[in-house]
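Q: Take a look at what TrEMBL says about it:
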type: DOMAIN; residues: 411-623; note: domain 'Histidine kinase'
type: TRANSMEM; residues: 176-197; note: transmembrane segment
type: TRANSMEM; residues: 204-228; note: transmembrane segment
type: TRANSMEM; residues: 240-260; note: transmembrane segment
type: TRANSMEM; residues: 267-289; note: transmembrane segment
type: TRANSMEM; residues: 301-321; note: transmembrane segment
type: TRANSMEM; residues: 330-353; note: transmembrane segment
type: TRANSMEM; residues: 359-379; note: transmembrane segment
Amino acid sequence: MRILLLILFYISYSFSSTIFVKIDTKNIDTKSYQKIYFDNTSRLTIGDIVKIDNFKKIEGTNFKAHKNRTIWAKFAIKNIDVIQKKLFFENIKPGIDKIDVYIFKNKKPLRKIELGDLRDINNRALQVRKSTFSLKLEPKALYEIYTKYDSTSSINTSWNILDIKSFVKSQTLESIAWGIFIGIVVTLVLYNLIVFFTMKEISFLIYSFMSCFFAIYQLLVNGFFYHLNLGIDLNILTNSSWTFGYLAQAFIVLFPLAFFKPKKNSFIFWYLVTLFFINIACVGLYSLGYENPDYRYYTKYTDLVTFMTIPTLVIVSIWAVKNKLAGSSFYLLGQVSYLTLVFFGLFVTIGYIEPIKNSWAIIPLGIILDIIFLSLALYMKIKKVEQERLQNEQLLISQSRFSSIGQNIADLTHQWKTPIAQLGSQIALLKATYHLDRQNLEKSVIETLPKMDEGVKFLNETMNDIYNYYSSPLQKDNFNIADEIEVVIRLLKDKITQNHIEIVKEFEDIPYYGHKNCFANSIMSILENSIYQLANYKEKNRKIFLTIKNIDKQILVVIEDNAGGIKTNDFDKLFNIDFSSKKNKGSGIGLALTKRLVQTKLKGTINASNGKQGAIFKILFPK
């Protein structure tokens, strides 16, 4: 009985590392069948290895790289069917520097296959991302496979064994998944770049760089650039995964600095700044690896930087949520998902924990979730910026309104000086006539009263113009377009007269129901700009041409001057809220406010161009 048990134990032990396959075998992982041997001299050859008996069964398959140490693994596979079986052997980790595969058939050397990302892909039979080879298993034949691993990155000794259908399916699904990953990243990067160039908010640019560096890092470590066979030196390609990895980390630390803008004297600010420069220092360290690959073995030290960086982002996001900063909730969700998935994926990549099925998808999934949540955080930031912009714009509109009131009151007092002085002199004349020449009093009254009446009417009209101009700014009224422009001209009469400007009118009689005050403000703003340009850049023959036309169901108002026109470089910023061609004499609010009023209140458009003599402003809005 004991002899039988010993025989069974020997048979079990002998075949414990043997994989048995038959016609319906589709997918097998070698993890449970392989044995490992560590060559701490890196000098043993396959001739030495086949003589070694102390290969050990080790639970793990993921190993950190060590200088001057190679790893050997072996397993056996036997086709127990009666027909030939073709299988594909795929190492689950791309990015291993060198893999030498030695195949023995029935104890005799069959062939050697050289794989790994430091070997020319053109020399491979199967030119795919991962180290892969195929083998036709003859019926009843026993194949022993020894693999030698030498790499500056982590090493995984596990192989997926697939039939042709499973192999094609696996390659197709991975290609689709990576295509989706790249598509999402590119779309979000382009979107945020557009937002950056529109809003000039630096956090959108940092986000774009961060996403690009993360994507490049993932494509590097997953063998995409190697697979593309771009003709880049393989050592440069391999080392770039280190530099781009830490560059991505540096930008992910930089992002909350730009996004949340912590105070410069706060602990969060200085901690993030310090962490950023530490990551940049790691980029510098691994840049030396382009010349000397041994620098890549420093990962056992620089991994600590990664372990510090990722939890820090969660801490920062909690701080941001606590302080109720815009977008902080989405940022927290992004960092938690990133921490959970990327921490696991990163530990697998650098060799600290064992991979699981489809573990290649974990880091890309974490990055996609992080990028999506960060995009939502940026969207919330846009909303806040837009709200602040609208508030600032309202303040500027109010400022412009008060400034306009002050200016018009100043103009009004200047216009009133003459009629008030005339009224005073006329009253003095009547008093003198009453006291000194009573027989001519009646004649003086008859001659003087009409003049006094005209003066009072003028004062009343200008007062009504001011009242109508500033009353009910948001109320809609029935008014005549030409009449309202005449009101504006009367308000600006003093400036027009002082600067010897001729107003040339071509008006059609057009009634309109809408925001009278907004329309008048828009016309006044453009006229004031024309008056300024004529006064400062035209010595004589100063003219402003005003045209009102009824075009189908729309009203066209054209204001043209002969002051020489607008500078070509100024067209793009003409309606910006902070642009002014008046140097220190203008706030830049006028035309920006005009555009806003035309678009929002009149539901129309305004554009500027240069004519033969000067600038032309056209306002077009529906009746």
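Heads up, the Cβ atoms here are built off N, Cα and C, so glycines get one too.
As the structure is a computational prediction, the values presented were derived from the model and not from experiment.
How buried are the listed features, and what sits near them?
A: Beyond the ends of the transmembrane segment (176-197), by six or more residues, the same chain brings 204-205, 207-208, 211-212, 214-215, 218-219, 222, 224, 361, 364, 367-368, 371-372, 375, 378, 382 to within a C-beta distance below 8 angstroms of the stretch.
Tertiary proximity for the transmembrane segment (204-228) is limited to same-chain residues at least six positions away from its ends with a CB under 8 Å from its CB atoms, namely 94-95, 117, 121, 127-130, 178, 181-182, 185-186, 188-189, 192-193, 195-196, 234, 237, 240-241, 244-245, 247-248, 251-252, 254-255, 258-259, 349, 360, 363-364, 367, 371, 374-375, 378.
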Q: For the domain 'Histidine kinase' (411-623), what's the model's average pLDDT?
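A: A mean pLDDT of 81 is what the predicted model shows over the domain 'Histidine kinase' (411-623).
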